[in-house]
Structure formats: structure tokens, C-alpha cells
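Features of the protein shown, as given by TrEMBL:
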{"type": "ACT_SITE", "residues": "A:Thr179", "note": "active site, nucleophile"}
{"type": "BINDING", "residues": "A:Thr146, A:Lys168, A:Thr179, A:Glu259, A:Asn378, A:Thr383", "note": "substrate binding site"}
Number of protein chains: 2
Amino acid sequence: MTITAAQGFRAAGVTAGLKPSGKSDVALVVNDGPSDVAAAVFTTNRCKANPVLWSEQVLEGGKAKAVVLNSGGANCYTGPEGFQTTHASAELVAQKLGIGAIDVVVCSTGLIGEQLRSDKLMSGITEAAAGLSGTGGLAAAEAIMTTDTRSKEALREGGGWCVGGMAKGAGMLAPALATMLVVVTTDAQVDSETADRALRAATRATFDRLDSDGCMSTNDTVLLMCSGASGVTPDEAELTTRLTEVCHDLAQQLLGDAEGADHDIAIEVVNAATEDDAVEVGRSIARSNLFKTAVFGKDPNWGRILASVGTTNAVFEPGALDVAFNGVWICRDGQPGESRDKVDLTERAVNVVVDLKAGTEKATIWTNDLTHAYVHENSAYST
Amino acid sequence: MTITAAQGFRAAGVTAGLKPSGKSDVALVVNDGPSDVAAAVFTTNRCKANPVLWSEQVLEGGKAKAVVLNSGGANCYTGPEGFQTTHASAELVAQKLGIGAIDVVVCSTGLIGEQLRSDKLMSGITEAAAGLSGTGGLAAAEAIMTTDTRSKEALREGGGWCVGGMAKGAGMLAPALATMLVVVTTDAQVDSETADRALRAATRATFDRLDSDGCMSTNDTVLLMCSGASGVTPDEAELTTRLTEVCHDLAQQLLGDAEGADHDIAIEVVNAATEDDAVEVGRSIARSNLFKTAVFGKDPNWGRILASVGTTNAVFEPGALDVAFNGVWICRDGQPGESRDKVDLTERAVNVVVDLKAGTEKATIWTNDLTHAYVHENSAYST
């Protein structure tokens, strides 16, 4: 019970038959108010899926009353027919709930380049609308899973209001958002502008710094809905903090369940001239297949890290770089430092620190290793 | 007999004991003139190996009389001690040949972050200098191999002059050059400025468009040496054409021997607004792990191609993109086109065409698929 832990929300998850596995695949989340304030962040990919094209219009007014989500198909690169399916989904939800279609956000996930079975989706929506409940959060979280091995939920509460969230995503995780769908609910009283600022601040430091496999999705959506049902109006800093905590929790769950990964890697770039420099350096390392395969092989290969750092425009001196793996500074001043034999990479969690010695800013990028299982899962996914 | 096919060149390849395998690991190539014109292109990585830092100084004058190359260690991130090893290599070659150290280019390849065994390297140089011969090209080409499974040589001749080349490189192949060492010789009479322009034109359309694994090396060097021994002075266009042919041939050999690859993929981006757009789009696809694993799985996953195209700043309309795999247009106007069942990806060679419908420019980027063997080889390489 997480997205429905917030007062004013009902949810459902049902099986419409979109997934060959026969698992649940349509989720509906409704905000019963009194407020319908909402904010969202979408993929920056220029080739956007139909549900993103639709939902961007919905959010223009800073309001939304419901979100319908499906797994079993991304409805991406499916042309006018696909857009019609998205539109019909919103229309049907609106009709069932007595609201307008323009109040309904639509999210889809699954294979791209294939039409969704509209008939099945509509049946699922009808069933989901009939099954909405104040305890439907988990069912909704399960219905949006694709290659996820477990559902992902998070909750932070206190002071009479709460923030709950659910997420899916296991591949195409990068770089501004993952291939992920995230719905965050709160019963706090929040105005549209504050909701938008708080959500952007929260995603900037969490989902935006998750870069599992360097591939940017076409369907990424993070939606925040605010019911106001608690009657509490937190200040913006409190809201942002709690939202960031929920987004961080969900992002770590995405990282921990990334397709085929053996290691969760935190790349901390410290003493950078600017935060942007730190992010650029961290991301360059997170995208090095040679670094990622080395971690899979439990090899603290700092040379591959320096080779990645060298491709960036960040401020640093090549001969001054330090690198630590799990606390062991195996590279000092661009040369071998402590013995690599001291580094133990058998645990799933790996911490890499890169000291640029160029300032006081820092940032952490999270990524995964590149494994046989990743190759297997992604070479076999559509076949 | 390739680099020594050009008149005026001698070469040798010997075993110095730098490689645990006991295979040959030191090569020496000497230009006996009459001309000592040379040009080179180096990695653009800011974290450069010691031999690159040295060789950049050598090439400042547009001349070089010899190049000594070793496998078994990249001499990169090895600090002042490593630079001293590079310098001592050049000094010893110079002493043996009666030339100046500043006439001697140095190239190294192998693991980074470890000191080269200077004593072994010096012994190898002494032996190589004693064994120089006009038929030593193949021995030199073999001595620079690392994870290469075969030596790489190319030759174009006619009109009384020729261009020969040798290359090594099998991983870290990108983006402006691969992890590769290339030596190209010609007995044509060429001045320094022409040599430099011709080499840059040739590498720009060949090695610079090879992007096997997205990782930029610290040691990349392409060296052209011109002896003038044929007495023939080709015009610049002829020289550039022949050089480009040799570089293309070597680049294709690098592609065909990339670590763990099952497929060689040519990504042709056509009808781009600018050549830069075409290169940016092609490179974005070449760096998509999801696309590369799909090809390994013989899956013509055009959705992953569009998702990559969408991350670029090139001019295009998402709803107008066409994609073909091996001649089958499975995506038309951003939607499913011909049946994917018509595409056969069992052969090693894969041709992808992306039509941006935004202009008349084009470019081809070459890459490989992402395979279990790639992960295995690169997770185990240093251990």
C-alpha cells in the first residue's frame, strides 16, 4: 500500500491479456481530490511514444485526475493508429470516471514498434475502473512490470501527510530518466507551480543520475499527483525533501533490479570545478562498456576509468587524478597507488570515487555492470 | 610484405618477453629515405599514454626516421618513470641507427596502469635493430598484436609507387580512432604539409568512423612515413585516394577482428542535412548497447534504432524516419514497414540504412554487435 497510502487515491491492477505471460498488465490510479494538481517529467528523446505525446498535452495545465498505465506494449512508433489507441484509452477512463479525457494521463511500456491490442486494452480499462480501491496500490505496481523481477514501491510519511510512489523499469535506463514509469502520489495541499518545481528538483538528483545502460527510452514518465486530502500544506522545502527521498528510494530499486546486472555501482565524482563537470565525468564512466565489463569480472580496472575521464571536457589535470574502489585508492596522481589486491568486488554494491582536484563540487551517478545476463536478456527480449 | 613493400623501409619484429604468452612484442620500422617526411594522428583522449606525449613532440617538425612499437604494455598512467622508459626507447633506437632520439616515434599497446619492463624492452630494441630487413613487414605486424587474432596488413600500388600499412587493434575501438596502432609507409615523394593533409583526410573517413565499442583509447596512433625512394611525386588527390584505400582496408580488418564480435555492422545514414548530422546519428546507433545486443540475437530491432536517433540533435522528423536491415525496409515513416521476418541476420555482415529525409548528405559508421564473448574477453582481460 504505497501510492494508495496517500489519502484521496484509489488504484487497481488487472489482467487484460496484453502480456503473453498472462500476468496483470493494466493499472489505473485515480485522484479523488479535492485537489487535482499534477506535474510530470517526460523523456527528452525526440522520438517519443504516443502516450508521451498525449500526456504532455494533459499536463500543460498542471492538472490531472487519473493515470492509466499498461505493460505489454509501448505504443511507440505505431503512427496515427497508435495515437488513436492512446486517445481512446483516455476517453474510456474519462467516461468511466465522469471526468474529461484531457484529465487522463496515459503511460505505456513494453516492446516498441508494435500496435497495442486496443480491444484488450479497453476491456482491461473497464475492469480496472470497476475494481478501483483505496488498497489497490500494490496491484497497480505489479501491473506495470515488464522485465522487472519485483514491484517497486516507496513511502515517506509524517506530520499528517505522505508521499507514496511506484515505479517500473529494468532496461534502457538512461540518461535523463530511465525506461521507467513512475507515479508518485501525495495527499499534501500543493499548488501547480510548487509541484512542478519540487518534482523537477527531485528527479534531477535521482532518476536523472541513474544510467544503467546508456540507452534513453521513448516512454519515460514520472507523474506526481497531489490530492490535498490531508489538509496539510507543507512548505516547498519539506515537500521537495520527501519527494526526493521517495524518488531516490525508487531509483535505487530500479538500479537493484536492472536487467542482468551483478553489481550496483555508485560513481562519486568529487572536487569538481562544477556540478555539471562532476555529472559529465560520472556519466562518461557509467557508459564505458570496458569499465562495466571489468566490474562484472571483479576487476578494479582504474585505467579504463581514466580513459573515460579523458574523453570529457571537465576541468582536471590528467596527472593529478585519484581513483578509489571501495575505499582503496588504487590510483594516485594518475599512477598506480595502493595495491589492487586490496580491492574486493565480490559484493553487489560497488563504490567508485574519482577525485578531480579541481574544485569543491560533486555528484554521484549510479550504474550497473555489463554482464552475460544483460547480453542474453537484451538479445532475446523480442524473440 | 606490406610496410616494407615501399622502397626505403626496413622492419623487424622480435620477442622481448613483455608478453606472458611469449609471442613477439617489439617492432621497429625504419625509413632509410632519402626523405624523412612524416605525419601522424593521435588519440584525442586528454589522458594520453606516455608514448603519445613523446611522439606528439617528434611529429611537430613533420619528420620521423623510425618508429619503435611494443605490445605487452601500454605505458599509460605510469607517471614520470613511464615517460623515462619511452624516452629511453627512443634514445636507444637513435643510438643504434645513428639518428637523433627526436627522429624516433614510440608506440605502446597493452594493459594500462602498469610499468613496462624497461630492461626487457631495451634488449628487444637492440635485437630488433640488429634484425632489420627489407622483408620484415610481416614480423613487425605480428609483434604489435594484443588480443588480435590475426595480423593486419594492406597494400596499394601502381605507377611506380606504393602505400603499405599495418595495424593492430581489437578493443577500445572508438571514436576518433580505435585502440589501434597503425603505421603506413610510402615510397612516394611527399612534402610534410601534403602528407599531413592527406593522412587527416584518409583517417577522417575511415578510422574515425569505426566505433566498435564506444571506448576511446589512450594510445591511438596512426603514423605515415614517406621515404621518397620511388622518385615519384603523385599529386595530392592520388596520394589521398591511395592512403584512404589502405586505411579503409585496415579499418575493415580491425572491425572484422574486434573482440568477441559476431557481426560487422555498417550503419549508413542517408539524406542527412549535413555530413555531421549523418555521423552523429550513425554514432548514436553504434553506441546503443540495446541495438548491439539485438543484432547479436539476430533481431532486426528498428525501435532501438529510432530510440537512438531520438537522442541526437540532427535534423529529422520522428514520423518520417525509414530504416532498412539488409535491404528490407522494416520501418517506414516511423512505423512498421515490411515484415521483419524477411530480414536474415545470420551472416556476419549486417547493413543498416537510416533515411533521415532531411537533405542530401550521408556517412557510414562501422560497428560490431555486443556479445557474450565481448563481455567475457573484457571482464577477464587483466586477470
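Note that Cβ sites are derived from N, Cα and C of the backbone, with glycine treated the same way.
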Chain B sits near which of the binding-site residues A:Thr146, A:Glu259, A:Asn378, counting only a Cβ gap under 8 Å?
A:Asn378
Which one is it: of the binding-site residues A:Thr146, A:Asn378, which Cβ has the fewest other Cβ atoms within 10 Å in this structure?
A:Thr146
Binding-site residues: A:Lys168, A:Glu259 - member with fewest neighbouring CB atoms within 10 Å:
A:Glu259
Per DSSP (three-state), A:Asn378 (substrate binding site) is helix
